[in-house]
Amino acid sequence: MEKSADKADKADKPVASKHKKRPVTSDNQEVREVKKRVSTVKPARSMPELQPPPSRQPSVAIKTEPTEIIEDDSDIGAIPEDDGLLDSKRPKRGLTLKRPQPMTSPKRASSVDDDDDDIDEKGGKAGKAKVKRPRIKPLIDDEDDDDFDSLTTDSSESEALSISLARPPKAKTASGSGKLAAVSNQGRKKSAPSRHSGGSGGSGSGAAASRRAPTPALPEKVERLVVQGPMTVQELAHALSIAETEIIKRLFSRGIAVNITETLDFKTISMVCEELEVTVVTEEQKSAAQKPDNILNAEDLDNLQRRPPVVTIMGHVDHGKTTLLDSIRKTKVAQGEAGGITQHIGAYHVDVQNESGETQQVVFLDTPGHEAFTAMRARGARVTDIAILVVAADDGVRPQTVEAISHAKAAGVPMVIAINKMDKESAQPDRVKQELTEYGLVPEEWGGDTIMVPVSAINGGNLDTLLEMLLLVAEVEDLYANPNRMAKGTVIEANLDKARGPVATLLVQNGTLRVGDVILAGSALGKVRAMIDDHGQRVENASPSFAVEILGLRDVPAAGDEFEVFESEKEAAALASERANTARQSRLLQGRVSLSALSARVQEGELKDLNIILKADVQGSVEAIVNALKKLPQKEVQLRLLLAAPGEVTETDIDLAAASDAVLIGFNTTTASGARQAADRAGVDIREYNIIYNLLDDIEAAMEGMLEPELVEEPLGQAEVRAIFPVGRSRVAGCYVQSGKLIRNCKIRVHRGGQTVHDGFLDSLKRIKDDVKEVNAGYECGIAAENFNDWNEGDSIEAYRMVTKRRTLSR
Ligand SMILES: Nc1nc2c(ncn2[C@@H]2O[C@H](COP(=O)(O)OP(=O)(O)OP(=O)(O)O)[C@@H](O)[C@H]2O)c(=O)[nH]1
């Protein structure tokens, strides 16, 4: 190893900055109650196939009479971000440190047993890899879609018993099997160990069991609900440990009339949970949150061996991240096989000599630091053990420096600060240190616990010290894995190579990956056909912390996906379809766009048009339908024909529909093989017709459903005031109902001499001395009005009520 001249910082001691949990926040939303009785809700008109949206009523005065609907529309709260990725405690084992360790726990006495010697260093330029993110498509589905019925079977899950040394356990992650799992603030529990992360298996008790289960005698306040599919009111009540009537009441107050057997979709479940301050988590989010827990499990304990640290470099733009990476690599390559062609695989390994002259490896992730944190963490994976924060000595702490600090802190990843560009005259390392103290990073020499190493990336100054510090921090970090098992880890990046097919760079986090292994990465299944290391050389195996590029997957997984090796293809295939199913379900839950959901978005001003893709048998049909659609009134909701063509419905049409929130119409045509499955996967609803009028009726109904309902006045009856009776301080009008009827709590207008002297609510309605609900024409009654006493004999009373009315398209 080349030693750099400057060794001034050799005395630095490593301390792992352990920043733990990200605080969980939950929006407490005010629960609005309708104050008066609301006895009926006018149901939205039922459509032949397209469902109209739930009625929306404007906010008006709260005092109502029975048939008046008053409601506040509220947005469904966003699904809270995963909050379970971070945690606080890593189990420590006995360890003999080679150097004094301030602020550290006892360590395990173990040296690195690196059984992969295939990898060494060669030259080449390490580019900056972009992590590919999965494409998220919006989905189209109809409310009537009963796909959900089939979605309740795949969810049993056992959470692996986490004895995570490399990955902290999750205090907040819900565990559960069956259709749903709720976590109470008292009774969190972990299920039995599972061999597979992401958890197949489980108890299999499922929804049925949860339905049969008796309601606990003393319900606990549920904090989090894992939703795996639509639930009936009964099931939701059971999961939330509340009475069914509570849910019915809350939905009723929002204008949604349900009974206990009614199935609620994700949006409605979220609405109820939001009111109850219960966090809703989808199954996918939950399994993402659990991923890091599953890296090590009980069976690994007896075979733990040290693994190299995985390091990411972060920092402000132009502070020297790339130069530092290159410099570290070149230095190392210079010692070895300089001139070799280095394959870019998004990660590379560097041999570092420790104090006692032993060679240890450090793995650098060649991924922009922020992406390594955000993209990976967003998917529940944590791949980085240590972050190097590069701060230019001549520039100091800048916005991205601060951002990087927050990322590392949030992820609980220890930081080593590289104060770079020390070769510059304008370098002011003390200023940098001072600035960093404002963010809780205090250098050791100032009494803090953060390692800060002045370096020059450009001339390699003090890089050896930096690497040594990394090793020391790694030692503190308890980085162990079990190489004697089947591999599991995380996809660093993946793409589709024209010649080689799907290519993925995998970081092995536990076990050893071998050529020939049956592998499942995300939901991409395959058999490892070849593995290539960062020197571009084929290798037969990759042990923990090693990154290799693999060939042999049938699909391209997403960066951040977890991968795992299975004994048999059958086993992997079962989990693959389970994962695909879960992902689809989650998409359906979160992204499904039914016609009524579209209409809700229209009402929120989010959507102005109804997108349509039309495939018909022949061009003549296409033209006829297009012409007819054009004639539909479009003042309020516009139809946008994204595609109108003859032919069968293809996968491309599905993609387009999914990407554009479009309704896909097939007229007298067929659906190509594969397209049906694609539609299913994407949650796109193909609406098929062979009678043009049905098609037009449905589209018109859907457009009308997108219009906000009107609040209209409905006349009830007329009455005349014939006598006035003082009752206490107020006065009651003795009336004769001339036509129609008066209803308690209806609205009334009092007319006198051609003038309206009062407009308000009828407060009390009596026949003789009894309170009654209504009085019909030809009968006498006594009435009192809210805030009105000034009755005169001869006053004419006009009774009416406000009702919501579905609007029709204005022509
Ligand atoms: N003098 C001096 N210049 C340096 C040093 N390290 C990097 N530079 C220069 O600083 C500039 C930015 O370096 P990069 O390595 O591209 O910085 P970066 O942080 O990767 O920048 P981005 O990729 O844009 O975020 C380049 O011109 C480097 O040559 C150093 O130690 N000393």
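Using the three backbone atoms N, Cα and C, a Cβ is placed for every residue, glycine included.
For 1-15, the entry in TrEMBL reads compositional bias 'Basic and acidic residues'.
The annotation region 'Disordered' is assigned in TrEMBL to 1-216.
Annotated compositional bias 'Acidic residues' per TrEMBL: 68-85, in sequence order.
Annotated compositional bias 'Basic residues' per TrEMBL: 125-136, in sequence order.
Annotation comment: TrEMBL describes 150-166 (among others) as compositional bias 'Low complexity'.
The compositional bias 'Low complexity' annotation in TrEMBL covers 206-215 (among others).
The annotation domain 'Tr-type G' is assigned in TrEMBL to 306-480.
In the three-state DSSP assignment, the secondary structure recorded for D318 (GTP binding site) is coil. In the structure as shown, the Cβ atom of D318 (GTP binding site) sits within 10 Å of 14 other Cβ atoms. Here TrEMBL flags 315-322, 366-370, 420-423 as GTP binding site.
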Here are the binding-site residues: K321, M422. Which has the lowest count of other Cβ atoms within 10 Å?
M422
For the domain 'Tr-type G' (306-480), what's the model's average pLDDT?
80
